[in-house]
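Here the structure comes first, spelled out in structure tokens, and everything after it is commentary.
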């Protein structure tokens, strides 16, 4: 099999970054992050960037926009394509690492996404709709590509409907010739739960609460921070006095466990729809296992892929 993209996916706290960086180091590769939150500058501990692990390995799609900027899957796909072409033109191997299923699939499925323009007529039509009616309309549209947070905010919900009902003109295929080799890291559930809890304790010790305070001090409202993921949501509520530190920890820990389950469900759905994932045992030696699989594979000749 020829491949021109390595992919490392898995639930949170599974060890994706470490494996992805080590494979990139051994195969003269560069990492492309597929994480919807690591794009934001200043959100380091809460998003688990772990930049110290990269060393000399170049990385892309991390720290590229400021908090407050509405980054989405459409822009991710556009920037991924630019970075991918830049990497392959220099004869390097792209290594995509991440756990945001929507971002991963926007690359692996090969469909080109388009930025949907605002529809003033539709917005006027939806202006009088209740939140429940908007949710029902979005559900009827059966969209594949909207964030779960869209259901929490009225403006985002209207935008999600706008995207779901948009009829896009024909587009050129996304990265024709893309041939990914996909690894997934899996753990027994009790061990993964333990890893999540231990990592949360470590991040709090590293200053995650202070990170949220600094972001708020720069002018980002707590209400906005709540949309940047579980860590920022529960810590913001703690800083507002709505949760004690212990309650914040317990609720956040439980929410991250639930999030990991949803990630695994997403990956299972990807497999049911034809995505081939080579699962590695996180508790054993995932690097050695990956190298064993790679020894039977071949990369395409340089450049790996030039659309």
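Just so it is clear, glycine is given a Cβ too, placed from its N, Cα and C backbone atoms.
Reduced to three states, the DSSP call for residue 14 (ATP binding site) is coil. Taking a C-beta cut-off of under 8 Å and a sequence gap of six or more, residue 14 (ATP binding site) has these contacts in its own chain: 99, 185, 186, 187, 192, 195, 282. Summarising the annotation, Swiss-Prot assigns ATP binding site to 10, 11, 12, 13, 14, 15, 16, 17.
Per Swiss-Prot, substrate binding site is recorded for 12, 13, 14, 15, 16, 17.
Swiss-Prot lists 35-38 with the feature region 'Interaction with substrate tRNA'. Assigned with DSSP, the residues of the region 'Interaction with substrate tRNA' (35-38) fall into helix, strand and coil as follows: 0 helix, 0 strand, 4 coil.
In sequence order, 34, 35, 36 constitute the residues six or more apart from residue 100 (site 'Interaction with substrate tRNA') in its chain with CB-CB distances below 8 Å. For 100, the entry in Swiss-Prot reads site 'Interaction with substrate tRNA', with the evidence type sequence analysis.
Among the binding-site residues 10, 11, 15, the residue whose Cβ has the fewest other Cβ atoms within 10 Å is 15.
Residue 13 (ATP binding site) counts 24 other C-beta atoms within 10 Å of its own C-beta, drawing on all protein chains shown. The substrate site, placed at the center of the C-beta atoms of 12, 13, 14, 15, 16, 17, has further neighbours from the same chain whose C-beta lies within 8 angstroms: 10, 11, 18, 48, 99, 185. Neighbour counts of Cβ atoms within 10 Å were compared across the binding-site residues 12, 17; the minimum falls on 12.
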